[in-house]
């Protein structure tokens, strides 16, 4: 399908190296499925998402976050862009930008000029606004097969888009570098004006399988001994809070659900300041996730300073792939990112 006569066509693509098989779409440069084997060789799709491109497009382009509850065929406005069936306000699998995470009151000052952005998350602007990079069709500029299959998406963001200054060229390359490894390289190049940029990849992981229920039994270790605490509107306070002896302490492996009820709100949605510890090929170790039932393990590495740990707190009755219905805590996100130190 296409979003317009002159636009690139929204399509699905596949990378397969015999062990990992990943399906992507150029709509939002999103991962839609990722199949990997468990300890017995049984293959499962370990990321949340939808069956069709149409589900992503229909849900993404709705500026009022309307959702349709298929069971009753009743349309309702989801409170604060909450999630219902076929509502990808959850940002399943996509790349978010121009600025990931929240900008307080949708305003920022740059070189003495104030910029105003769309408000789409309480009093804030979230993940690039009403039509961020997750809600556009990217061009496919390169595809490679072979031992290291890859695909490169490109998007040109224009001056004034969602209130941001300047033209920006964004590229995202997904590559299967080995039988057990997928790499994502993201780059954003401003063309004519200084502009804020903070890209993040927003995949929801469930290593037991996307349709297996919640991830509260998953074991997580995060290489961050501090978080950036937030106020009542999820904006950083400017402090750095040590996680030791708190519910946020994942410096040693522990279950997602072991302390989640001690967290204010519905669960984890916090930025961890990554420690300068173990490195590989110039990248810092971010986190290790393990599903005890399947023994699948995810290790994440980045060159970003922080990672947003999010436990699908607002996912509620979303109709996903293979007739799955995603509920709260049905997946977890590890969004590597830059982060604000103050309001």
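Note: Cβ is positioned from N, Cα and C throughout, glycine not excepted.
For residue 269 (beta-D-galactose binding site), applying a Cβ distance below 8 Å and a minimum sequence separation of six or more within one chain yields 234, 308, 309, 310, 311, 313. The beta-D-galactose binding site annotation in TrEMBL covers 101, 102, 202, 203, 204, 269.
Summarising the beta-D-galactose site geometry, the residues cited as binding it (101, 102, 202, 203, 204, 269) extend over a maximum Cα to Cα distance of 19 Å. Over all protein chains present, the Cβ of residue 102 (beta-D-galactose binding site) has 21 other Cβ atoms lying within 10 Å.
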